Amino acid sequence: MPVDVYNEKKDTDADVDIEKRSDTIVTAREARVNASGHVDQLHRQYGLLSICATALTIDNAWVALGGSITVAVANGGAPGIIYEFLASCVYYGFVATSIAELASSIPSAGGVYHWASVAGGKYGRALGFFTGLINFYGWIFDLAAIVTIPANVVVQMYVVFHPDFEVKPWHIFLAFALINWFCCLTVIFFNRFMPALQKLGLFMIVAGGLVTIIVLAAAKSHASASFVFSDWENVTGWSNGVAFLTGMLNGAFAIGTPDSVTHIAEELPHPRRDLPRAIAAQISLGALTGFVYAIALMFAITDLDAVLNSNGSFPLAAVYAQATGNKGGTFGLLLIVFISIMICCIGTYITLGRIWWALARDNATPFSSFFSIASERLSCPVPATVFCAVLSTAFGAIQLGSKTAFADLSGSFIILTTTSYGLAILPHLLSGRANVPQGPFWMGRWGYFVNAVSVALIVFTNVMFCFPYALPASVPAMNYNSVILVGCVVLTAFWWIVHGRRNYPGPRIAHLDAAGRKVEDEI
């Protein structure tokens, strides 16, 4: 009798607690066709704790929030940073809940494009194709943005003890390239240690964040409560309402990675159960740590002009210097940021390599037979991961010529990924939520409300995130998010016409017999 691959049996004595084992574990129940209709090639080595840790390290909310302080402060000052982050957390709470439901139903490395294909009915094949590639574009731009953070931090750590050092773009790019390829090679050759490394990252987020907050709170002098909570400083030229809504982009960048671990679904023994928990952990703990850190950070600012006019590579160091009053303390707090964000970069590589590999596996990419190769010994899609490193290096080189152009690419991560989320959630809603099989996490009638709010917020915020950053609008200060989105859609449409409509079959739902053999596929 056929057995749906999504119907997860109860744990048996044959299953092994993988959190207590460092070697590769594949039980009889796991060694089978997975939810994407493919035979497992990657080791199912992530338990609940390690996948939650991975979700949180890839997000790294408080570090990302602190790293964007000089940009975010324009949209309302300190209160804007705090309240816009909270609003972004509410926004992503709805979106993440919708994604968690889909991940619980169809746990596939393809993630959003698999869900869009299934939910989209007769339009699912084309819809999934566009969804998957747009999602990839967003994540590759995010990788370049994330790797830039430790590159700037490590240069700033040198500047702390050499204040007369003049930071040049090539210094940042050199650090960027070294860190980028270090993370890539770490993911390829040390994949078996990734669950343990991500748990270390979780420790750094919690313990490192707590240490940082305590140090900031213990500073000899602090900003006033009115500066932190009520002195609204809007220098964008927009009305306060528009400035708030456009400023949510900074908060979204700090919390907006709800689909990250869904692409690692085929490396969990119990993805239908554990993925929603990991997504919930990412949103809830990310919001909590980001909120508390933002308050502590704002209170630690005693000279905002010094922060905004910092001549180093990472302005957050100026806040740390004001709080600690010494170079050693500043260096120590920067070291916490550096270690945390390095593990974040490694986690992002895990996600991104799986995205491109899953697309290639379904013949959605150029040279798909090559990029669909996964080393079962290393448990890693090596060609796909290296390809991501090459692209990231190329995008990182843009900052040698124009920091503005690089910032625009980095900022498009949010609008691209949320567009891909909407392309998966909307057909699920329009089909009466009937095309997707129910998983352990299923919202029932509440799903209509949550899905509808998610789509409405995605459309509304993406329009706001395309507004010019300030008025009067000028070419150097223009917001090119809309241009990048349209460019990515046009590029995807071209590839669909040239290749996809004839050669892309789309992902499949796998059905198994009692012995774990595939008996049929269906969209």
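Cβ coordinates are placed from backbone N, Cα and C, and glycine is handled just like the others.
Keep in mind that what you see is a predicted model, and the values were worked out from it rather than measured.
Range 404-426 is the one annotated as transmembrane segment, of 82-104, 404-426 (source: TrEMBL). Annotation: stretch 477-498 has the most Cβ pairs under 8 Å to the transmembrane segment (446-471), among 278-301, 378-398, 477-498. Sequence-distant neighbours of the transmembrane segment (239-257) (same chain, 6+ residues past either end, Cβ-Cβ under 8 Å): 55, 58-59, 61-62, 64-65, 68, 71-72, 74-76, 80-81, 83-89, 91-92, 142, 145, 232, 282-283, 286-287, 290, 411, 413-414, 417-418, 461, 464-465, 467, 469.
Where the transmembrane segment (278-301) meets the stretches 127-150, 202-219, 331-357, 404-426, 477-498, the count of C-beta pairs under 8 angstroms peaks at 202-219. Contact counts against the transmembrane segment (127-150), taken as Cβ pairs under 8 Å, peak for 404-426 among the stretches 170-190, 202-219, 331-357, 404-426, 477-498. In summary, the transmembrane segment (170-190) does not lie against the transmembrane segment (404-426): fewer than three C-beta pairs, each 6 or more positions apart in sequence, are under 8 Å. Sequence-distant contacts of the transmembrane segment (331-357), counting only residues of its own chain at least 6 positions beyond either end whose CB sits under 8 Å from a CB of the stretch, comprise 54, 57-60, 63, 66-67, 109-111, 132, 135-136, 139-140, 142-143, 146-147, 149-150, 153-154, 156-157, 160-161, 179-180, 183-184, 186-187, 194, 197-198, 200-201, 204-205, 208, 211-212, 215, 260-261, 263-264, 266, 314, 316-317, 320, 323-324, 365, 371-372, 374, 380-381, 384-385, 387-389. If you look at the transmembrane segment (404-426), the same-chain residues 6 or more away from its ends with a CB under 8 A from one of its CBs are 95, 98-99, 102, 112-113, 115-116, 119, 127, 130-132, 134-135, 137-139, 141-142, 144-145, 148, 249, 252-253, 256-259, 395-396, 398, 451, 454-455, 458-459, 461-462, 465-466, 476, 479-482, 484-485, 488.
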